[in-house]
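Just below is one structure, and these are the notes that go with it.
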Amino acid sequence: MRSSLAPGIRLITSFSRDSGYRGFTLFLTFLFYTSYHLSRKPISIVKSELHKNCSTLIRPPNLNGTDNETWCDWAPFDQDNYQTLFGAVDNSFLVAYAIGMFFSGIFGERVPLRYYLTTGMLLSGLFTCLFGLGFYWNIHSIWYYAFVQAMNGLVQTTGWPAVVACVGNWFGKGKRGFIMGVWNSHTSVGNILGSLIAGIFVSSAWGMSFIVPGIIIASTGILCFFFLVEKPEDVDCSPPQHHEDNEKEPLLQNSSSNEEIFSSPGLSNSISSESTEEHTEAISFCRALRIPGVMEFSLCLLFAKLVSYTFLYWLPLYISNVAHFDSKEAGDMSTLFDVGGIVGGVVAGLVSDQTGGRASTCCVMLIVAAPMLFLYNHIGQHSLATTIGMLLVCGALVNGPYALITTAVSADLGTHESLRGNSRALSTVTAIIDGTGSIGAALGPLLAGLISPTGWNNVFFMLITADILACLLLSRLVYKEVRGWCGHSPRQRGFKEI
């Protein structure tokens, strides 16, 4: 009898075969992208070892050279322009990542995701290890480290479009925002693990701070090759429902009215002549751009990611300078911003699932974020409690829209009804959106470095301006959603052809 089964077995058997595969795929993709971020993090930890205050250390008596200020630094980062060199290494990765992302989705559509992810993780492991091997090979050329970082940035673009496409294949629109909001915490988990692993070796042999994460991501690449299931149909599971015929949506809908603020007659005419049967040919870059909402959300993410990555690279220094914390305390305090970002991503996903308004959810959070950034700059460092509270709030409001756009919105647009079931379009759409956002990720830290000598107030004015621009870019989509809620057009979650 079933009642005689052990509680654990009853729990296991309560899940259907489809649910088991979906949960397993969600776990695997979470693990994969955690390893991507884990391998990116060591550079921020090792910087303090490549250039540090040597005057406070005891110099070995047998060490050649007479410069007491830089004897413990790693050339070429022992020069006065070490910050510029660190910036060159950072931007080598970010610029290569931004450029490569636009092409990554195109390749991802034409290559099986399992092979694509496996290759990307193996190559990323290789280049991460090569950076660390510079320690053992005694390499002191800035060109070597910049080249390795640039190549790593290129191969790391394989990750995001592929994992989002895979999750989008397994999960429908119904609770996609909430599921992906929770799933998106892999970014913070990877950052935390990367910091801890790099910190173990940084003082003794900083090369291992890269080699160990490199081995980890390469190992997950092997795991991907043996266990990833790209689509439910591959294992005879039921595919998710991407489009709900019995509902109508507020954002993008079928309409012949001349009053519609989004019109795409070329796309509409081309779709009407196609068969409604599922097809799997790769979508072109231009056609992906014509999907309603792709341009708006891509440009919005550019400014949202500009703000987020400026905090990522500059927040510890800001806390150290303004609140007068030491480097370790400032680094620990800055992690609260990521904690708030996890909460913000989950909340944004839940709200957008319930309301059906992805754009409105992002816009409201961006609107509230602007004054919160202003307040944080002016009163956020008055006390420890204020600092903690403001970091959590700002992290939620800044990273919430960023997380929603890069996950649920990308998956929604990649399974847009105008694609008529084209399961291979999701990778390109995700790459376009995240690639545009990565331009902002490269610009934000660069602009902060140029503006910060004039004062931190100017940096925050730049961030607030970017936040407002991100909000304005969604205004037409928000207007469309609000009209739907007011009864001017039928309502539905997700995105449909207009």
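Cβ atoms here come from the backbone N, Cα and C positions, even for glycine.
As recorded in TrEMBL:
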- 21-38: transmembrane segment (TRANSMEM)
- 28-483: domain 'Major facilitator superfamily (MFS) profile' (DOMAIN)
- 84-103: transmembrane segment (TRANSMEM)
- 115-137: transmembrane segment (TRANSMEM)
- 143-171: transmembrane segment (TRANSMEM)
- 183-202: transmembrane segment (TRANSMEM)
- 208-229: transmembrane segment (TRANSMEM)
- 237-273: region 'Disordered' (REGION)
- 241-250: compositional bias 'Basic and acidic residues' (COMPBIAS)
- 252-267: compositional bias 'Polar residues' (COMPBIAS)
- 297-315: transmembrane segment (TRANSMEM)
- 335-352: transmembrane segment (TRANSMEM)
- 359-379: transmembrane segment (TRANSMEM)
- 385-405: transmembrane segment (TRANSMEM)
- 425-447: transmembrane segment (TRANSMEM)
- 459-479: transmembrane segment (TRANSMEM)
> Counting Cβ pairs under 8 Å to the transmembrane segment (183-202), which of 208-229, 297-315, 385-405, 459-479 comes out on top?
Replying inline: 208-229
> Is it the case that the transmembrane segment (425-447) and the transmembrane segment (84-103) have 3 or more CB pairs under 8 Å, with pairs at least 6 apart in sequence?
Replying inline: yes
> Where does the mean pLDDT land for the domain 'Major facilitator superfamily (MFS) profile' (28-483)?
Replying inline: 79
> Where else in the chain does the transmembrane segment (208-229) make close Cβ contacts, counting only residues six or more beyond its ends and a cut-off under 8 Å?
Replying inline: 21, 24-25, 28-29, 31-32, 35-36, 38-39, 41-42, 45-46, 113-115, 117-122, 124-129, 131-133, 166, 194, 197-202, 235
> Against which stretches of its own chain does the transmembrane segment (143-171) lie, if we need a Cβ under 8 Å and a gap of at least six residues from its ends?
Replying inline: 21-22, 25-26, 29, 32-33, 36, 39-40, 43, 88-90, 92-97, 99-101, 103-105, 108, 113, 116-117, 119-121, 123-124, 127-128, 130-131, 134, 179-180, 183, 228, 230-232, 239-240, 406-407, 410-411, 414-415, 423, 426-428, 430-431, 434-435
> For the transmembrane segment (21-38), what are the same-chain contacts with Cβ under 8 Å, counting residues 6+ beyond its ends?
Replying inline: 15, 117, 121, 124, 156, 159-160, 163, 166-167, 170-171, 179, 183, 186-187, 189-191, 193-194, 197, 213, 216-217, 220, 223-224, 227-229, 232, 235, 237
